[in-house]
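Here the structure comes first, spelled out in C-alpha cells, and everything after it is commentary.
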Amino acid sequence: MNSHKPIRHAVMTVLGLLFAAAYFFPFYWMVNSALKPRSEIMTSTPLFWPKHITMQNFVVAITQTNFMINLKNSLIVVFSAVVFSVIFAFFACYALTRFCFRGRAAFMVGILVIQMLPGTAMLIPQFLVFNQLGLLNTYLGLILAYVSAVLPFSIWNLRNFFLNIPIEVEEAAMIDGANTWQILWHITFPLLVPGLVSTSIFAFISAWNDYLTAYTFMKDQSMYTLPVWLASFTTPRGVDYGSQMAAATLFSLPVVIVFLLVQRKVTEGAALGAVKG
Amino acid sequence: MSEVTRSVKISRRRNGHPVVREEHKLGYSTKTAMLLLTPSGLILGALVVVPLIFLVFTSFTDFNQRTLFTGEFNVVGLSTYAAVLADSEFWWSVVRTVLLMAACVAGTVLLGMAVAQFMTKLGKVTQYIVTVTMILAWAMPEVASAEVWNWLFQPGYGVINWLLTQLHVFGDVTNVSWANDARLAYICIWLLVVWQAIPFVAVTMFAAIQQVDPSCIEAAKIDGAGPVRLYWMITIPLVKPTLLLVTVLSIIWDFNIFNQIWLVSKGGPDNATANLGVFTYKKAFVGFDIGNGAAISVITTLMLLALTAVYIRSLLKSGEDLV
C-alpha cells in the first residue's frame, strides 16, 4: 500500500494544477489580451503568450473621455456609502447587542429578509421615489441607494464582532464611572477595529461592483460609475478587445487585491452569506 | 435620573458551540438604544420599507412613462395582475427563471462539493494554488467577468470557438455566435454563473469538511466503511448545516441572476434568455410599463419568499441567537 502513496500524491498534484490552470484561464486571458498589441489580438490562431508586451491598451482605456470622471464618481459614491453604512451599523449593533428591548429579534429577521429581496423589487420603487425627489442622476441618490443596500449586511456582519467582545471590559469601565458614549468611544470602538475593517471591505466590494442600480439611476455619461463605464466601453474605432480587457483589468484590480489580502476573512464571512462575486 | 437598570441577556455563539447565555446587569437605558438605532432605522425605513409599500401600491396602478413627468396615474386595482398573469411571456420567464436557477444551483453545489472533496486530497501547496485561483475568479466583478466571457466566446476570434474547432468534433465553429442562439446562450451564461459561484461553495464546504472530527472518520473506518460510504454516511451528515446554507444562498442568488444575462445576451435572442429579472427590467425600464413591472416584482418577491420559506422559518425558530 505504502509504495502507491507517492504516485497517488503526484497524480493528485498534477490534477490539482490542471484544475487550477483551467480555472485561472479566463482571468489569464483578460490580462493576456490586455498586454497584447492590436495586431496580436485578432489572429486566426490565438496567441497564448504576447509576443510584444505593451501598455498601449491601458493608455487607450485610461485616456477614454470619461474614465477619470467615472472613476471619480465611483470613488465618491462608494466611499460615502461605505462610511455612512459602517457608522450606522456600528451604532445599531451596539444597541442590538448591549441593550434589552422589545423587537430586537424582529429587527434582525427583518434585516435578513431585506437581504433576500430580488434586485428589481427595490429598484422600481426607489427609482420612482428618487424621480419625484429629483435624486436620479445625482451622487446623493446613488449613495442613499447603496447605503440602504449595504447596511443590512453590514449590521449582520458587525454584530458578530460585537458579540465576541467580552462585555466584562465594558462593565469594568462602567463601574469606573464612564458613561455610554465614553464606553462606546474609548472601549468598544478600539476593540472593534477588525470588525469595522471587515465590514468596510464587504461594503466596498458590493458597492464598487454594482452595475444595475447605477445603470438605472445615472443617465448622463458624465455621471456613470466605473461598472457602467466598463459595460458600455467602446472606442471610436468600435469594439477594441485589447483596451476593453485592459479596462476590465483596471476595474477588477482593486477588488482582486483586497480579496487576496483578506482571503481568510473573506472565506469566513462567506459562510455568513456575505459576498456575491 | 430616569436611567432604567435592566438585565442584559447576551447569547454568544462561539464557532458552532452551543449557545451560552449569560446574565449581565448594565445601567443602559432603552432611550439610548433607540437613539443608536435611529440612523439605521431611518435609512431602512425610508429607503427599503416605504419603497416596498410603494411598490405594492404601484402594482395596482397604470403608472407609465407619462406619469414620470406629469405625476398622473389611475388606480386600476387588480387589472395589472390580470394582465401579467394572462401574458404568456410572463409564464415563459417564470419557467426560464426556475430552470436556469435549478441548473445553476445544481451545477454550483454539486461541482462545488466535488471540488471541496478533491481539495482535501491535495498537498498543502497545491491546495493553496487551487484556492488562490478560485478566489481570483470569485473576486472578479460581474461586469468584468461578463466582458471577459464575451471576448472568450467572441465569434471569429474568440479562443473558445478556436479550441472547439481544434477538437474536430463539432466541425468549424469559428464564427458561431453564442449569444444569438438560445441554447448556446444558456450554456454560455450557465458557465459564467457557475464558474464564479463554485469558489464560494468549494471554499466554504472545504472549511466545513476540515472541521469534521477525525475520530468519527476513524471509527467508521474501523467499522469497515469504504470511501463512498464514508462520504455519504459521515461527511455529508456532519456538514449538512453548511451545505443547506450554501444551497439556500445559491437558490436566492441564482433566482435573481441579472447582470450575467443582461451583459451577455440582453435576454435575447427573442427573449429566449429573459428570466424574471430581465423581463421585469425590460417591462419597467425599457417599455416604462411601470405598473405591470411592479406587479411582476411583487409576484417575484412572493415566489422567492415561498422558495426560501423553510429557511426563514428555521431562522425564526432559532430566534435564540438573534437576541
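Quick reminder: no glycine exception, Cβ is built from N, Cα and C everywhere.
Just so you know, TrEMBL annotations are computer predictions that nobody has curated.
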Range among B:152-174, B:290-312 that TrEMBL annotates as transmembrane segment: B:290-312
Contact between the transmembrane segment (B:34-57) and the transmembrane segment (B:184-209) (3 or more Cβ pairs under 8 Å, separation 6+): no
Tertiary contacts of the transmembrane segment (B:184-209) (same chain, 6+ residues out, Cβ under 8 Å): 100, 103-104, 107-109, 111-113, 115-117, 119-120, 131, 134-135, 137-138, 140, 142, 145-146, 149, 153, 176-178, 235, 239, 242-243, 246, 250, 253-254, 257, 260-261, 264-265, 268-269, 272-273
